[in-house]
Amino acid sequence: MASESGKLWGGRFVGAVDPIMEKFNSSISYDRHLWNVDVQGSKAYSRGLEKAGLLTKAEMQQILQGLDKVAEEWAQGTFKLHPNDEDIHTANERRLKELIGEAAGKLHTGRSRNDQVVTDLRLWMRQTCSKLSALLRVLIGTMVDRAEAERDVLFPGYTHLQRAQPIRWSHWILSHAVALTRDSERLLEVQKRINVLPLGSGAIAGNPLGVDRELLRAELNFGAITLNSMDATSERDFVAEFLFWASLCMTHLSRMAEDLILYGTKEFSFVQLSDAYSTGSSLMPQKKNPDSLELIRSKAGRVFGRCAGLLMTLKGLPSTYNKDLQEDKEAVFEVSDTMIAVLQVATGVISTLQIHRENMKQALSPDMLATDLAYYLVRKGMPFRQAHEASGKAVFMAETKGVALNLLSLQELQTISPLFSGDVSHVWDYSHSVEQYSALGGTAKSSVEWQIRQVRALLQAQEP
């Protein structure tokens, strides 16, 4: 229980803590986010103490009722912090003592803040992962719905930011949706590793008082129990894994945002953002800026920084708990808030995006069919390397003459290869071009529809 100084650890100390150190050491400004899960963990632990014979039933009921009152005050915004509340655990225990008296001093029996805080963090992150998983599935579902509705729209596909081949607009959407399905799978796997109970591990050596950890696990609905008390209280690999998941997901979202920023410029004019996800200029009245997408792109760097920062904190720590681990929570809270906002904004952008079909169509050009010209020769029996060279010669001839590739006459093409014949005219049909790529995963309509079914099946399988 807290000493006269209000500290949970004050018994062996003489004199006051330097006020600067007091502020430096305090984490209540941000770990107050854990108030609800801290109460949940304490309620479960009180039941464990009662089963172990360390609390009477009356004492347990007194503690449970007091904790309910603490939670009620937090929920209603009436909980008052004191200057000595250095963290959420101190604050809740101090208030519990004010409400129920000395019985509150038994709650911490055999428990350390080391196993308490990591239990709180795992509980909080488990809830947050569920929320993020739901938001990510909504975004992916929105993208798939759009891909299905606009699967007949063709536009240029790019490599090296140069026009490459005609593809379906839906194929582009699905390329990003499929990447996000892997992020969705990864998040569920991270959540499984978060969902492991450390409570009952004490500070380092374990619990000597017969507390039933299986009871604690069941009370808090954890999937498993940590295997080693030293590892349980000091390891933050689950935090690092969550931050890496967020970094990778933000990488995918940032790349999609970059594409849409480019496609929305006057130079491309393929898409137009809704006013709801754009802003203007304080000087230039004509401007409509894609701030939503630019912020998604920029916040990726913020998330990366949090991930790298935590790894740097962890890499040099000696075994078991060190105060350095206090740095984990700000990273988790900030990244969680960022991801929630980004996923919601990205869903809004995709659901309200306007596409300019005619501009997409006009951007298609015959030179993008040079690969198809090579495939034409392959189907006539020419080895691909020779066909590639022949198509390249046709491109060079067209550029030299200053004409489009499809305007070369049959006679001119036959000077490159006698395998060219009248049916080469089919090569210049963009719809015919995309339909060639019918192998699973390609841009043909049948393949795009197969992709849509596959992604929807993945989403359904991930529903809780």
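Backbone N, Cα and C define each Cβ position, glycine as well.
Feature annotation from Swiss-Prot assigns active site, proton acceptor to H160; the stated evidence is similarity to another entry. For S281, the entry in Swiss-Prot reads active site, proton donor. Marked as 2-(N(omega)-L-arginino)succinate binding site by Swiss-Prot: S27, N114, T159, N289, Y321, Q326, K329. Per Swiss-Prot, N-acetylalanine is recorded for A2, and the stated evidence type is a large-scale study or a structure entry. Residues annotated as N6-acetyllysine in Swiss-Prot: K7, K69, K288. Feature annotation from Swiss-Prot assigns site 'Increases basicity of active site His' to E294; the stated evidence is similarity to another entry.
Calculated from their C-alpha atoms, the gap between K69 (N6-acetyllysine) and N289 (2-(N(omega)-L-arginino)succinate binding site) amounts to 49 Å.
The recorded positions K69, H160, K288, K329 differ in how many other CB atoms lie within 10 Å of their CB, and the one with the most is K329. Neighbour counts of Cβ atoms within 10 Å were compared for the binding-site residues S27, T159, Q326, and the top value is held by S27. Of all the recorded positions listed (S281, N289), S281 has the fewest other CB atoms within 10 A of its CB. Its Cβ placed at the centre, Y321 (2-(N(omega)-L-arginino)succinate binding site) has 20 other Cβ atoms within 10 Å. Counting only residues at least six positions away in the same chain, the Cβ atoms of A257, I261 sit under 8 Å from the Cβ of E294 (site 'Increases basicity of active site His'). Taking Cβ-Cβ distances under 8 Å and a sequence gap of 6 or more within the same chain, the neighbours of N114 (2-(N(omega)-L-arginino)succinate binding site) are S201, G202, A203, I204, T233, S234, T320, Y321. Reduced to three states, the DSSP call for E294 (site 'Increases basicity of active site His') is helix.
Of all the recorded positions listed here (S27, S281, K288, Q326, K329), K288 has the Cα closest to the Cα of H160 (active site, proton acceptor). Q326 (2-(N(omega)-L-arginino)succinate binding site) sits 42 Å from K288 (N6-acetyllysine), taking the C-alpha atoms as the reference points. Cα separation, S281 (active site, proton donor) to N289 (2-(N(omega)-L-arginino)succinate binding site), rounded: 8 Å.
A separation of roughly 27 Å, to the nearest angstrom, links the Cα atoms of K288 (N6-acetyllysine) and T159 (2-(N(omega)-L-arginino)succinate binding site).
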